[in-house]
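Please read the structure below before turning to the comments.
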Amino acid sequence: MAAAKKMRAAFDHDNFVLSRSAAAAFFVIRRTPKHRIKWPHYSSTHCACSWRALSSVPESDDEPSPSDGYLAMSSHHPLRSVLKIGSNTMLSRLLGFARDVILARLFGAGEIADAFFVAFRIPNLFRRLFGEGAFSQSFVPVLGEYRATRSVEETRAFVADVAGWLALTLAVVTIVGILGASAVVYAIAPGFADSPDKFHLTVELLRITFPYLFFISLVALAGGVLNTYGRFTVPAFTPVFLNLSIIAAAVFWAPHLQQPAIAVAWGVFIGGVLQLLFQLPALRQVGHLPWPRLRRRDPGVGKVLRLMGPAAFGASVAQINLFLNTILASLVGANVVSYLYYSDRLVEFPLGVFGVALGTVVLPLLSRQAAERSPQFPKTLDWALRLTWLIGLPATVGLLILAQPLLISLFRYGAYTAEDAWQSTLSLMGYGLGILPIIAARVLAPAFYAHQNTRTPVRFGMISVAVNMGISLVLAWPLHQLGLAIATSCAALVNAFLLWRRLRRDGLYQPQPGWPKLLLKSAGLAVIMGMVLLFLRGNTALWLSLSLWERLLRVLSLTLLAATLYLAGAWWLGIHELRDLYRQRSSRA
């Protein structure tokens, strides 16, 4: 812990990207009926569209590509879909923070919290694999091919076959997971075996949460169909039901049980069921509400399976690294699993709001352009990378500077102590370094999947995992959660660089003119923004002395100030990609 104390003397930092969720959390905790919050127009991640404006945008599956220079402002531009998904995802993330604030009050960062977070993380891995990774990367291109080359009846039959085989496979995996929960927990968190009570509680919770993967994987199937048909809103809004279910279980059910974690685990299960039911009407609207069936010889299913195997690894590198961190965290010290969880939840906000939204829109667009051999392919990829840099850079700077104030503002209640907030700050800063490369990888990997090349991301993913393990083994014991978080970020950087270099070498991507000016202008703006935040942030003692409302008001003010400085500077310097965000919003204001 000497290293941690040394760092504590050197840093008094905190995060910038996520402050508004604290207000939502406060209203949920107090159970007041007046929980309607009027959020400011611009978020720190710059996905700054009002809910009404985004909801009114007509969805289309015929979206044009980015043009030369900055984006063509058509009514169905892909940026609209990115903003629409980002808006819905932001709502889900805000509710997710409300959920985590409640869990922090309920569990703190002790043994019960460790047990629940491991039991929740195991099926949640499958959500990220299937909902945002392997299944979508393999299923969406094949479904797009069917739409372009097959009849409506053949396309419906293909969806029904995939649904049947997927449901059967998931049922088997779920049963095996429930029966073998003890072995799964021992494999994922071997350090828990030293504490029998914690180990047995984790096993009990996992047997409740494991069926969640059955429902959420079918949700991914439905979401893939809807995204292919340009219906992005419903899949992006669906996760809201998971957060609402967990919040309801924690607030209304958990206080009446001897072990409150049991109620929260059932909230996860119920949330999976609600998410699946919510998507069924939208599937019916596009004519693809399938009755699952099991045909043995469907070439489309075979192609999905062939693509999905490698894609599962390539798309899940970040999650595999997190799981390796969980294994080591259970070994290196008490409560490290909880510290990593709380910091991971904060860093997932910009990754989820923007990274997932951009990746979801880019995949079907690149898939169509690859099939048509369109010259717009490298331009679309370049546009996505520019947005990644312009939004990921200030998010990273703000997260590093405002890490501790955000953790104190969001979680410093109930069983979650000031020491817990500081320890979580260390891992949050380490994770924050990986925001840019993780988002970049979510943009670069679809470029390979669009060409039905899943092997290349797998090879680079294996290298990334090896890098993560090597650095983790070196840093985990001296730096604990900070070392594990740094290892994850370094692995993400290696993965993104290898993907980018290979695309350049294969001629699939060529940087468009204007990158040097873009890098210089945005870096200068980020430095100015960071200096202002450092000057105004205040020290740890100040944040701990503030009341709840004072914390929320202060962190919200810093967030809005930083976002305003960056956006105003971008407008003044003529950064066209961010100007397009204004134009997209004003066209529907």
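Backbone N, Cα and C atoms are what each Cβ position is placed from, and that goes for glycine too.
Taken from TrEMBL as is:
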- 165-189: transmembrane segment (TRANSMEM)
- 209-229: transmembrane segment (TRANSMEM)
- 236-255: transmembrane segment (TRANSMEM)
- 261-283: transmembrane segment (TRANSMEM)
- 304-329: transmembrane segment (TRANSMEM)
- 349-366: transmembrane segment (TRANSMEM)
- 387-408: transmembrane segment (TRANSMEM)
- 428-445: transmembrane segment (TRANSMEM)
- 457-476: transmembrane segment (TRANSMEM)
- 482-498: transmembrane segment (TRANSMEM)
- 518-536: transmembrane segment (TRANSMEM)
- 556-575: transmembrane segment (TRANSMEM)
Distant-in-sequence neighbours of the transmembrane segment (518-536), which means Cβ under 8 A and at least six residues beyond its ends: 16, 386, 389-390, 393-394, 397-398, 401-402, 558, 561-562, 565-566, 569-570, 573, 575, 577
Within-chain partners of the transmembrane segment (261-283) [C-beta distance under 8 Å, separation at least 6 from its ends]: 103, 106-107, 112, 115-116, 119-120, 123, 201, 204-205, 208-209, 211-216, 218-219, 222-223, 225-226, 231, 234-235, 237-239, 241-250, 253-254, 289-290
Leading stretch by Cβ pairs under 8 Å, where the reference is the transmembrane segment (556-575) and the options are 165-189, 387-408, 428-445, 482-498: 387-408
Contact call for the transmembrane segment (349-366) and the transmembrane segment (428-445): at least 3 Cβ pairs under 8 Å, seq gap 6+: yes
Long-range neighbours of the transmembrane segment (236-255), counting only residues six or more past its ends (CB under 8 A): 28, 31, 84-85, 87-89, 91-92, 95-96, 98-99, 102-103, 106, 219, 223, 261, 263-264, 266-268, 270-272, 274-275, 278-279, 357, 360
